[in-house]
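Asker: Annotation comment: Swiss-Prot describes H83, H182 as heme b b562 binding site. According to Swiss-Prot, the feature heme b b566 binding site maps to H97, H196, an assignment based on similarity to another entry. Swiss-Prot lists H201 with the feature ubiquinone binding site. What Swiss-Prot lists as transmembrane segment is 33-53, 77-98, 113-133, 178-198, 226-246, 288-308, 320-340, 347-367.
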Amino acid sequence: MTNIRKTHPLAKIVNNSFIDLPAPSNISAWWNFGSLLGVCLILQILTGLFLAMHYTSDTATAFSSVTHICRDVNYGWIIRYMHANGASMFFICLFMHVGRGLYYGSYVFMETWNIGIVLLFATMATAFMGYVLPWGQMSFWGATVITNLLSAIPYIGTNLVEWIWGGFSVDKATLTRFFAFHFIFPFIIAALAMVHLLFLHETGSNNPSGITSDSDKIPFHPYYTIKDILGILLLLLVLMSLVLFSPDLLGDPDNYTPANPLNTPPHIKPEWYFLFAYAILRSIPNKLGGVLALVFSILILAFIPFLHTSKQRSMMFRPLSQCLFWLLVADLLTLTWIGGQPVEHPFIIIGQVASILYFTILLILMPTISVIENNLLKW
């Protein structure tokens, strides 16, 4: 009799995705981040569900309800901080996952890559809306500043912003709809993640060498299940260390002050994982130009497959491209630092140089160096 695992319609899907899946024998720890993102998403949905049981999306009570969760609800504090820091872990894994894709040429799988970009946008939107919910100072002013960017769109901008706000300023209507969207989006992300996997399993995984691994496959279980479990344990170790020892390390002290439309905080800034994009936005003195640069800073990923000029897929055997890649990483870290600094000299010029360098590396230097490397191999 054939194993039920291979015949039952539901079990068969699980089996072909996580058990009998043929996987390359040489994929490194950089391939762990997909499963870690899945764990982060499940963790965020679960902690978020328990938070939603006690949270009220009303301007008068939102801040108090979060305080109530932390003070009065059984283990409410740990649920709240796991959710807040879980978002940080989510983005760390996301950046590593995208970085891996760039380094090893995973973007050659176009459908998988493009759905990944949609997932990135959806996750960023969800995180932004979630940051508004505690209704602290940074929640309110962050929501005001970021939604206001849409007013830069010609002709329809102002109407669009007021439509999103549900009024003439960020208020009760805005908070209620942000809560509704923040609740539904993770489920949309989960559905998209399944489509992401569906397209990945059409082609099979890439591997560090960038060479086809069809002749050397191993079953996903037990080799990569045990490897994923190790990754998950390390993720939980880092997350729980953060939650239990310094839960507010990555947060903003301003968000412990209730939202006040009459008092603007000295430095409005988003969570750390948006600072690189925020720095790019601020580095352009024109409002519409800044918004376009902000959108393009992420959307540029969609152009990467068309800018791939190398004869090799991976950067594993391309030392010049490797140098550029790590320069890009350093540049993104610089942008992240600048995004958290006040708009004054010398931070303005550093941010502008770093922003120009970011687009130059991706659009000009990477394709050029790849062509040079191709020519160096003709000997």
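Each residue, glycine too, has its Cβ placed from N, Cα and C.
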Asker: Nearest to H97 (heme b b566 binding site) in three-dimensional space, by Cα, is which of the binding-site residues H83, H182, H201?
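Answerer: For H97 (heme b b566 binding site), the closest Cα among H83, H182, H201 is found at H201.
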Asker: Would the transmembrane segment (226-246) count as touching the transmembrane segment (77-98), if touching means at least three Cβ pairs under 8 Å and pairs must be 6 or more apart in sequence?
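Answerer: Taking Cβ pairs at least 6 residues apart, the transmembrane segment (77-98) and the transmembrane segment (226-246) are in contact, with 3 or more under 8 Å.
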Asker: Return the single residue from the binding-site residues list (H83, H97, H182, H196, H201) that has the minimum number of other CB atoms within 10 Å.
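Answerer: Result for the binding-site residues H83, H97, H182, H196, H201: minimum number of other Cβ atoms within 10 Å at H201.
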Asker: Give me the Cα-Cα distance between H83 (heme b b562 binding site) and H196 (heme b b566 binding site), rounded to a whole Å.
Answerer: 24
Asker: Out of 178-198, 288-308, 320-340, which stretch has the largest tally of CB pairs under 8 angstroms to the transmembrane segment (33-53)?
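Answerer: That would be 178-198.
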Asker: Taking just the CA atoms, what is the gap between H196 (heme b b566 binding site) and H182 (heme b b562 binding site) in Å?
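Answerer: Just about 21 Å between their Cα atoms.
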Asker: Between the Cα atoms of H182 (heme b b562 binding site) and H201 (ubiquinone binding site), what distance do you get, rounded to the nearest Å?
Answerer: 29
